[in-house]
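Pulled from TrEMBL:
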DOMAIN    21-58  domain 'EGF-like'
DISULFID  Cys48-Cys57  disulfide bond
DOMAIN    69-259  domain 'Laminin G'
DOMAIN    260-296  domain 'EGF-like'
DISULFID  Cys286-Cys295  disulfide bond
DOMAIN    298-339  domain 'EGF-like'
DISULFID  Cys329-Cys338  disulfide bond
Amino acid sequence: VSDAENWYCECPKLYTGKLCQFATCDENPCGNGATCFPKSSRDAVCLCPYGRSGILCSEAINITQPSFSGTDVFGYTSFLGYSTIPNIIFYCEFHLKFQLANHHSALQDNLIFFTGQKGQGLNGDDFLELGLRNGRVVYSYNLGSGTATIISKALDLTLPIHVIHLGRNLQKGWLKVDDQKNKTVTSPGRLVGLNVFSQFYLGGYREYIPELLPKGPRFKNGFQGCIFDVQIRTSINQEFKSPGSPEGHPNSGRNVGQCKDSPCSLIKCRNGGKCIESGSTVYCDCLTGWKGAFCTETVSVCEPEHDPPHLCRQGGTCVPLPNGYTCHCPLGTTGTYCEQG
């Protein structure tokens, strides 16, 4: 049927859409577990699950570096959901890197990751989350007796990729962003354990509305851009690992694409550092004497990364001097390197 400019298909019963391709959401036309959204009484849209794309989500795509599109016009966020992080109660450390898709809306009020438990906003809602607000990184957690929050300095928007390290041990939390100074916080109240049962959400929420989440700094919108190299450990003696089981595999997701640029084309490692990427991991391999996300921080003579290592023995404390270092010896030892009893 056509009237002047506009043509449309007059659809048989149960079918809708410009090409009668949708049997609205009651007869979900979307394939592979997509979220069907009825755009109008005649039209539906398929919000594709992880690893799928296309109008009906029928094409498989391989995602090594996920790209998130924020909150869509239907109010859903793009997200990845990984299985619950085991043993996170008393200790955890996270590393991740991200690239923003645009500097305007991507910095306003955007979630990077979340794990928590549903609740009605009483003090008992344990959660751990990371997001962006007003151009700064915000890290918050609640162990059940009040929220602790660390806010970074404003991000340096000339950096194409940002690097985050954060963690918590009992009530103490820390956040390090790019080459900014490490910041710390202690959560209020007496509780020391994080009890969360939800999946680990990256880039957004499965839920339609953040109101269903615990109170705290609820980030309204999903992340806009790419997130690389999420690594977690829940004990200081463990290796860092990707989330999920099997490792690195999300169990669900929505509207996630593949990042367009190779991360190494975006990272400038300084002072002779070399960018290394493998799969979803990217990092600067620094020359001796340099460290930090982009090899911009010098290694002090007393740090474990220093080559050669300092020689203080038997629990001696290394103290840097303008040229070299000295050892402060514990009781019962003496000598330049505390080597004598």
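Glycine is treated like the rest: Cβ placed from N, Cα and C.
In the structure shown, the C-beta of Cys48 has more C-beta neighbours within 10 angstroms than that of any other entry among the disulfide-bonded residues Cys48, Cys57, Cys286, Cys329, Cys338. For the domain 'EGF-like' (298-339), the number of residues in each DSSP class (helix H, G, I; strand E, B; coil) is 0 helix, 10 strand, 32 coil. Taking the Cβ of Cys295 (disulfide bond) as reference, residues of its chain lying under 8 Å away and at least six apart in sequence are, in sequence order, Cys269, Arg270, Asn271, Gly272, Gly273, Cys284, Cys286, Leu287. Across all of the domain 'EGF-like' (260-296), the predicted model scores a mean pLDDT of 77. If you take the Cα of Cys48 (disulfide bond) and the Cα of Cys338 (disulfide bond), they are about 63 angstrom apart, rounded to a whole number. Comparing Cys329 (disulfide bond) with Cys57 (disulfide bond), their Cα atoms are 66 Å apart once rounded.
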